[in-house]
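Per TrEMBL, signal peptide is recorded for 1-23. Summarising the annotation, TrEMBL assigns disulfide bond to Cys29-Cys36. Per TrEMBL, domain 'GH16' is recorded for 32-229. Sequence annotations record features per position, and here TrEMBL assigns active site, nucleophile to Glu120. Summarising the annotation, TrEMBL assigns active site, proton donor to Glu124. Annotated region 'Disordered' per TrEMBL: 261-303, in sequence order. Here TrEMBL flags 264-281, 290-303 as compositional bias 'Low complexity'.
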Amino acid sequence: MASFVRLVLALAAPSIFLSAVSAQTFTNCNPLSQSCPPDPALGRSASFDFTKGASDMFTTQGAPSYVSDGAQFTVAKSGDSPQIISKFYLMFGRVELTLKAAPGAGIVSSAVLQSDDLDEIDWEWLGADNGQVQTNYFGKGQTGSYDRGAFHAAPGNQNGFHTYTIDWTASQITWQIDGATVRTLLPAASNNQYPQTPMQIKIGAWSGGDPSNAPGTIQWARGPTNYANGPFSMFVKSITATDYSTGTQYKYGDNSGSWQSIVAVGGSVNPSGSGSSGQNQQPPPPPPQSSAKPAATSSAPAP
(Lines of atoms letter the chains of each structure in order from A and count residues from 1; the text may use other names and numbers.)
(Lines give C-alpha, C1' and ligand atoms only; values in the text may rest on other atoms or scores of the structure.)
Protein backbone atom coordinates (compact mmCIF):
# COMPACT_ATOMS: atom_id res chain seq x y z
CA MET A 1 0.00 0.00 0.00
CA ALA A 2 1.57 3.19 -1.20
CA SER A 3 1.24 5.26 1.95
CA PHE A 4 2.57 2.69 4.36
CA VAL A 5 4.69 0.43 2.23
CA ARG A 6 8.15 -0.85 3.00
CA LEU A 7 8.88 -3.21 0.14
CA VAL A 8 9.75 -6.76 1.09
CA LEU A 9 13.44 -7.18 0.42
CA ALA A 10 13.82 -10.84 1.23
CA LEU A 11 13.00 -13.73 -1.07
CA ALA A 12 10.70 -16.30 0.43
CA ALA A 13 11.81 -19.91 0.41
CA PRO A 14 8.96 -22.41 0.17
CA SER A 15 9.10 -23.03 3.91
CA ILE A 16 9.10 -19.33 4.83
CA PHE A 17 5.83 -17.43 4.70
CA LEU A 18 6.83 -13.86 4.02
CA SER A 19 4.62 -11.21 5.56
CA ALA A 20 3.35 -8.35 3.50
CA VAL A 21 1.90 -6.42 6.41
CA SER A 22 5.37 -6.19 7.94
CA ALA A 23 6.31 -4.68 4.61
CA GLN A 24 3.29 -2.38 4.42
CA THR A 25 3.81 -0.38 7.58
CA PHE A 26 6.07 2.57 8.15
CA THR A 27 6.52 5.42 10.61
CA ASN A 28 6.89 9.12 9.90
CA CYS A 29 8.68 9.68 13.19
CA ASN A 30 10.08 6.97 15.47
CA PRO A 31 10.02 8.27 19.07
CA LEU A 32 12.67 5.74 20.11
CA SER A 33 15.26 7.52 17.98
CA GLN A 34 14.08 11.13 17.78
CA SER A 35 11.76 13.69 19.30
CA CYS A 36 8.24 13.26 17.89
CA PRO A 37 4.89 15.01 18.36
CA PRO A 38 2.48 13.42 20.85
CA ASP A 39 -0.17 11.03 19.54
CA PRO A 40 -3.82 12.15 19.69
CA ALA A 41 -5.70 9.76 21.98
CA LEU A 42 -9.16 8.36 21.36
CA GLY A 43 -9.62 8.07 25.13
CA ARG A 44 -13.09 6.50 24.86
CA SER A 45 -15.21 4.16 22.77
CA ALA A 46 -16.42 5.16 19.31
CA SER A 47 -18.30 3.44 16.49
CA PHE A 48 -18.01 4.23 12.80
CA ASP A 49 -20.73 3.19 10.34
CA PHE A 50 -19.24 3.41 6.87
CA THR A 51 -22.56 2.56 5.20
CA LYS A 52 -23.38 6.20 5.99
CA GLY A 53 -20.22 7.53 4.39
CA ALA A 54 -16.70 8.57 5.34
CA SER A 55 -15.69 9.50 8.88
CA ASP A 56 -13.67 12.63 9.65
CA MET A 57 -11.83 10.54 12.25
CA PHE A 58 -9.94 8.77 9.46
CA THR A 59 -7.68 10.01 6.70
CA THR A 60 -8.15 8.39 3.30
CA GLN A 61 -5.56 7.58 0.66
CA GLY A 62 -5.92 5.91 -2.70
CA ALA A 63 -9.59 6.94 -3.02
CA PRO A 64 -11.71 4.36 -1.19
CA SER A 65 -15.40 4.83 -2.00
CA TYR A 66 -18.51 4.58 0.17
CA VAL A 67 -21.48 2.47 -0.88
CA SER A 68 -24.41 0.70 0.76
CA ASP A 69 -22.06 -2.06 1.98
CA GLY A 70 -19.71 0.47 3.60
CA ALA A 71 -16.19 1.58 2.74
CA GLN A 72 -15.08 -0.03 -0.51
CA PHE A 73 -11.38 -0.61 -1.15
CA THR A 74 -10.89 -1.52 -4.82
CA VAL A 75 -7.76 -2.71 -6.59
CA ALA A 76 -8.32 -2.42 -10.34
CA LYS A 77 -4.84 -1.80 -11.71
CA SER A 78 -1.19 -1.85 -10.76
CA GLY A 79 -0.44 0.65 -8.01
CA ASP A 80 -3.96 0.78 -6.52
CA SER A 81 -3.80 0.71 -2.71
CA PRO A 82 -6.86 2.39 -1.16
CA GLN A 83 -6.79 2.71 2.62
CA ILE A 84 -8.02 4.57 5.67
CA ILE A 85 -5.91 5.49 8.69
CA SER A 86 -7.32 6.63 12.03
CA LYS A 87 -6.40 10.11 13.20
CA PHE A 88 -6.49 8.78 16.75
CA TYR A 89 -4.42 6.28 18.72
CA LEU A 90 -5.33 3.59 21.25
CA MET A 91 -3.19 2.76 24.25
CA PHE A 92 -4.38 -0.78 24.84
CA GLY A 93 -7.87 -1.35 23.56
CA ARG A 94 -10.36 -3.32 21.53
CA VAL A 95 -11.12 -2.98 17.82
CA GLU A 96 -14.01 -4.75 16.08
CA LEU A 97 -14.31 -4.66 12.29
CA THR A 98 -17.24 -5.93 10.25
CA LEU A 99 -15.55 -6.78 6.97
CA LYS A 100 -15.77 -8.72 3.71
CA ALA A 101 -12.38 -9.57 2.23
CA ALA A 102 -11.41 -8.97 -1.40
CA PRO A 103 -11.09 -11.93 -3.80
CA GLY A 104 -8.36 -12.37 -6.40
CA ALA A 105 -5.01 -14.13 -6.64
CA GLY A 106 -2.34 -11.86 -5.22
CA ILE A 107 -4.82 -9.43 -3.64
CA VAL A 108 -4.30 -8.69 0.07
CA SER A 109 -6.88 -7.22 2.45
CA SER A 110 -5.44 -6.05 5.75
CA ALA A 111 -6.44 -4.52 9.06
CA VAL A 112 -3.48 -3.33 11.10
CA LEU A 113 -2.91 -1.73 14.48
CA GLN A 114 0.46 0.01 14.32
CA SER A 115 2.45 2.35 16.54
CA ASP A 116 4.99 5.05 15.75
CA ASP A 117 7.80 2.77 16.95
CA LEU A 118 6.48 -0.07 14.74
CA ASP A 119 4.72 -2.28 17.23
CA GLU A 120 2.02 -4.02 15.21
CA ILE A 121 -1.01 -6.35 15.45
CA ASP A 122 -2.53 -7.66 12.23
CA TRP A 123 -5.32 -9.39 10.38
CA GLU A 124 -4.56 -10.37 6.75
CA TRP A 125 -6.76 -12.00 4.12
CA LEU A 126 -5.36 -13.41 0.88
CA GLY A 127 -7.66 -13.14 -2.13
CA ALA A 128 -6.63 -16.60 -3.29
CA ASP A 129 -7.92 -18.15 -0.05
CA ASN A 130 -11.62 -17.81 0.76
CA GLY A 131 -11.34 -20.12 3.75
CA GLN A 132 -8.61 -18.72 6.02
CA VAL A 133 -7.30 -15.54 7.62
CA GLN A 134 -3.83 -14.87 8.99
CA THR A 135 -2.99 -13.17 12.30
CA ASN A 136 0.38 -11.66 13.03
CA TYR A 137 2.26 -9.28 15.31
CA PHE A 138 5.57 -7.43 15.38
CA GLY A 139 7.55 -5.57 18.03
CA LYS A 140 9.53 -2.44 17.13
CA GLY A 141 9.58 -3.44 13.46
CA GLN A 142 11.73 -6.50 14.04
CA THR A 143 11.48 -8.85 11.06
CA GLY A 144 14.60 -10.95 11.54
CA SER A 145 12.54 -14.11 11.89
CA TYR A 146 9.23 -15.24 10.42
CA ASP A 147 7.65 -17.30 13.18
CA ARG A 148 4.86 -15.06 14.48
CA GLY A 149 2.03 -15.62 12.06
CA ALA A 150 -0.77 -18.17 12.24
CA PHE A 151 -3.70 -19.20 10.02
CA HIS A 152 -7.29 -19.63 11.19
CA ALA A 153 -10.37 -21.03 9.53
CA ALA A 154 -12.56 -18.25 8.12
CA PRO A 155 -14.80 -19.94 5.54
CA GLY A 156 -16.52 -17.64 3.08
CA ASN A 157 -14.59 -14.55 4.19
CA GLN A 158 -15.03 -13.11 0.66
CA ASN A 159 -18.72 -14.05 0.37
CA GLY A 160 -20.16 -12.23 3.34
CA PHE A 161 -19.45 -9.99 6.30
CA HIS A 162 -17.82 -11.26 9.48
CA THR A 163 -16.69 -9.45 12.60
CA TYR A 164 -12.98 -9.61 13.37
CA THR A 165 -11.76 -8.41 16.76
CA ILE A 166 -8.44 -7.56 18.35
CA ASP A 167 -8.48 -7.20 22.13
CA TRP A 168 -5.15 -5.86 23.41
CA THR A 169 -3.92 -5.37 26.97
CA ALA A 170 -0.54 -5.53 28.69
CA SER A 171 -1.17 -9.15 29.64
CA GLN A 172 -2.51 -10.64 26.40
CA ILE A 173 -3.72 -10.11 22.85
CA THR A 174 -6.73 -12.05 21.61
CA TRP A 175 -7.96 -12.33 18.04
CA GLN A 176 -11.64 -13.28 17.56
CA ILE A 177 -13.86 -14.11 14.59
CA ASP A 178 -17.59 -13.55 15.12
CA GLY A 179 -17.00 -13.59 18.87
CA ALA A 180 -14.99 -16.83 19.00
CA THR A 181 -11.36 -16.59 20.09
CA VAL A 182 -9.00 -18.06 17.49
CA ARG A 183 -5.68 -17.00 19.00
CA THR A 184 -4.24 -15.66 22.25
CA LEU A 185 -0.74 -14.24 22.63
CA LEU A 186 0.92 -13.81 26.02
CA PRO A 187 3.96 -11.56 26.51
CA ALA A 188 6.06 -14.52 27.64
CA ALA A 189 5.48 -16.17 24.26
CA SER A 190 6.29 -13.10 22.16
CA ASN A 191 10.08 -13.53 21.89
CA ASN A 192 10.52 -10.02 23.36
CA GLN A 193 8.33 -8.48 20.69
CA TYR A 194 5.09 -7.87 22.56
CA PRO A 195 3.24 -4.81 21.11
CA GLN A 196 2.78 -2.23 23.87
CA THR A 197 2.82 1.36 22.54
CA PRO A 198 0.00 3.63 21.24
CA MET A 199 -1.47 2.40 17.96
CA GLN A 200 -3.41 3.71 14.98
CA ILE A 201 -5.87 1.68 12.93
CA LYS A 202 -4.85 1.13 9.28
CA ILE A 203 -7.14 -0.70 6.85
CA GLY A 204 -6.85 -1.26 3.14
CA ALA A 205 -6.32 -3.50 0.12
CA TRP A 206 -3.41 -3.84 -2.28
CA SER A 207 -1.83 -6.23 -4.75
CA GLY A 208 0.98 -8.25 -3.24
CA GLY A 209 0.91 -10.22 -6.48
CA ASP A 210 1.71 -7.25 -8.71
CA PRO A 211 4.39 -8.33 -11.22
CA SER A 212 6.58 -5.40 -10.11
CA ASN A 213 6.90 -6.79 -6.58
CA ALA A 214 9.72 -8.95 -5.30
CA PRO A 215 9.29 -12.68 -6.02
CA GLY A 216 8.91 -13.41 -2.32
CA THR A 217 6.04 -10.96 -1.98
CA ILE A 218 4.27 -12.40 -5.03
CA GLN A 219 4.70 -15.92 -3.65
CA TRP A 220 3.40 -14.90 -0.22
CA ALA A 221 0.34 -13.25 -1.78
CA ARG A 222 -0.31 -16.32 -3.96
CA GLY A 223 -0.02 -14.25 -7.11
CA PRO A 224 0.69 -13.07 -9.65
CA THR A 225 -2.32 -10.79 -9.95
CA ASN A 226 -4.25 -10.79 -13.20
CA TYR A 227 -5.95 -7.39 -13.29
CA ALA A 228 -8.11 -8.53 -16.20
CA ASN A 229 -10.03 -10.63 -13.66
CA GLY A 230 -10.79 -7.58 -11.52
CA PRO A 231 -11.65 -5.19 -10.14
CA PHE A 232 -11.17 -6.66 -6.66
CA SER A 233 -12.90 -5.04 -3.68
CA MET A 234 -12.81 -5.34 0.10
CA PHE A 235 -15.69 -3.84 2.09
CA VAL A 236 -15.68 -2.57 5.67
CA LYS A 237 -19.15 -2.01 7.01
CA SER A 238 -18.23 -0.69 10.44
CA ILE A 239 -15.53 -0.30 13.08
CA THR A 240 -15.94 -0.07 16.83
CA ALA A 241 -12.85 1.11 18.70
CA THR A 242 -12.40 1.21 22.46
CA ASP A 243 -9.39 2.89 24.01
CA TYR A 244 -8.67 1.30 27.38
CA SER A 245 -6.66 4.35 28.45
CA THR A 246 -7.86 7.93 28.86
CA GLY A 247 -6.71 11.44 28.13
CA THR A 248 -6.14 13.63 25.10
CA GLN A 249 -2.62 12.65 24.01
CA TYR A 250 -0.07 9.89 24.44
CA LYS A 251 3.63 10.74 24.80
CA TYR A 252 6.73 8.56 24.97
CA GLY A 253 8.42 9.31 28.29
CA ASP A 254 11.71 7.76 27.20
CA ASN A 255 13.11 5.61 24.41
CA SER A 256 12.54 2.22 26.06
CA GLY A 257 9.42 1.43 24.03
CA SER A 258 7.72 -0.07 27.11
CA TRP A 259 4.13 0.65 28.00
CA GLN A 260 5.27 1.89 31.43
CA SER A 261 7.04 4.78 29.67
CA ILE A 262 3.89 6.07 27.95
CA VAL A 263 2.38 9.23 29.45
CA ALA A 264 -1.36 9.89 29.04
CA VAL A 265 -1.92 13.66 29.01
CA GLY A 266 -5.01 14.49 31.05
CA GLY A 267 -5.73 10.85 31.81
CA SER A 268 -4.10 7.55 32.66
CA VAL A 269 -2.68 4.49 30.98
CA ASN A 270 -4.72 1.41 31.79
CA PRO A 271 -2.82 -1.80 31.05
CA SER A 272 -5.58 -4.17 32.15
CA GLY A 273 -8.53 -3.01 30.09
CA SER A 274 -10.74 -2.55 33.16
CA GLY A 275 -10.67 -0.59 36.36
CA SER A 276 -8.18 2.21 36.89
CA SER A 277 -4.46 1.61 37.14
CA GLY A 278 -3.07 4.73 35.58
CA GLN A 279 0.40 6.15 35.37
CA ASN A 280 0.01 8.08 38.65
CA GLN A 281 -0.22 4.77 40.50
CA GLN A 282 2.50 2.20 41.02
CA PRO A 283 2.49 0.18 37.78
CA PRO A 284 2.55 -3.60 37.82
CA PRO A 285 5.81 -5.21 36.74
CA PRO A 286 6.46 -5.29 32.99
CA PRO A 287 5.11 -8.27 31.07
CA PRO A 288 7.50 -11.22 31.28
CA GLN A 289 9.56 -11.89 28.18
CA SER A 290 11.15 -15.03 26.88
CA SER A 291 12.42 -16.55 23.67
CA ALA A 292 9.46 -18.91 23.35
CA LYS A 293 7.41 -18.85 20.17
CA PRO A 294 3.88 -17.41 20.24
CA ALA A 295 0.87 -19.52 20.99
CA ALA A 296 -1.11 -20.08 17.82
CA THR A 297 -3.89 -22.14 16.41
CA SER A 298 -1.84 -23.19 13.41
CA SER A 299 1.63 -24.56 12.98
CA ALA A 300 1.87 -23.24 9.43
CA PRO A 301 5.13 -21.34 9.06
CA ALA A 302 4.42 -17.63 8.72
CA PRO A 303 6.08 -14.38 9.68
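Including glycine, each Cβ sits where the backbone N, Cα and C put it.
For Cys36 (disulfide bond), applying a Cβ distance below 8 Å and a minimum sequence separation of six or more within one chain yields Cys29, Asn30, Asp116, Tyr252. With the fewest other Cβ atoms inside 10 Å of its Cβ, the least crowded of the recorded positions Cys29, Glu120, Glu124 in this structure is Cys29.
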